[in-house]
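Per Swiss-Prot, the feature S-adenosyl-L-methionine binding site maps to Gly113, Ile133, Gly134, Asp135, Tyr136, Val137, Leu138; the stated evidence is sequence analysis. Swiss-Prot lists 229-238 with the feature compositional bias 'Low complexity'. Here Swiss-Prot flags 241-252 as compositional bias 'Basic and acidic residues'. The annotation region 'Disordered' is assigned in Swiss-Prot to 229-252.
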Amino acid sequence: MTWRATVLTLFPEMFPGPLGVSLAGRGLAAGLWALEARDIRDSATDRHRSVDDTPAGGGPGMVLRADVLAAAIDAADPVPGRPRLVMSPRGRPLTQARVAELAAGPGPLIVCGRFEGIDQRVIDARNLEEVSIGDYVLSGGEIAALALIDACVRLLPGVMGKLDSSAEESFSAGLLEYPQYTRPKSFEGRPIPEILTSGDHAKVAAWRQAEAEALTRARRPDLWAARSVARPAANAPAKGESQKTPKNKTDG
């Protein structure tokens, strides 16, 4: 069965957007995954195709109506079983682990909110999982949905050109990715670290692991703490070893 993402949106013309180019686009054209963007307004019942109304209790903006959105969900997903997501800044943070779960399934139905939000009753009645891609507010859920789909699609078989590529990137092993270098060998007086051109694969692997751990400790202490809980022995410093972040030879 082909992995399929179904998106409910007021702006279906935003899809596939950037998902139609590069690796994701080639995979889409080759049938490695599928995308369906459905207009929420198609489920409106009045002649104006209204989808929103003023907030109960007062306040600024408009709220997506529960009846219209429920009808759109039921039409797109008549037999519940797929993950049903709604992109929301108040949702649980999207993680690489959750992305891997979604990529391993049939593909999600994703609701893209607009205005002040969505009537809570449809979130509860249709069991929508609220998902956030960060602590900031966007104009709507479409950009967040594109990011989520892209993260999933690149894990699908055949989409990535090199099988190891996704496994070695940030978050895949609970760590940020190590620094990358390529030609020229020297750039503005900054050389590629010698160990990367040594041809010693074991030393290269050890260097990359150390750099990934150092970056994670320095930039994402939350990830490092979670990894340390899961793998205390692996992350404990050796006797007499400091926790200082190692410097590249290019750091001065």
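Using the three backbone atoms N, Cα and C, a Cβ is placed for every residue, glycine included.
Distribution of Swiss-Prot features across the structure.
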residue: Gly113; record: S-adenosyl-L-methionine binding site; CB count, 10 Å: 25
residue: Ile133; record: S-adenosyl-L-methionine binding site; CB count, 10 Å: 20
residue: Gly134; record: S-adenosyl-L-methionine binding site; CB count, 10 Å: 11
residue: Asp135; record: S-adenosyl-L-methionine binding site; CB count, 10 Å: 7
residue: Tyr136; record: S-adenosyl-L-methionine binding site; CB count, 10 Å: 7
residue: Val137; record: S-adenosyl-L-methionine binding site; CB count, 10 Å: 7
residue: Leu138; record: S-adenosyl-L-methionine binding site; CB count, 10 Å: 14
Determine the C-alpha span of the S-adenosyl-L-methionine site listed in the record, that is the greatest distance between any two of Gly113, Ile133, Gly134, Asp135, Tyr136, Val137, Leu138, in Å to the nearest whole number.
16
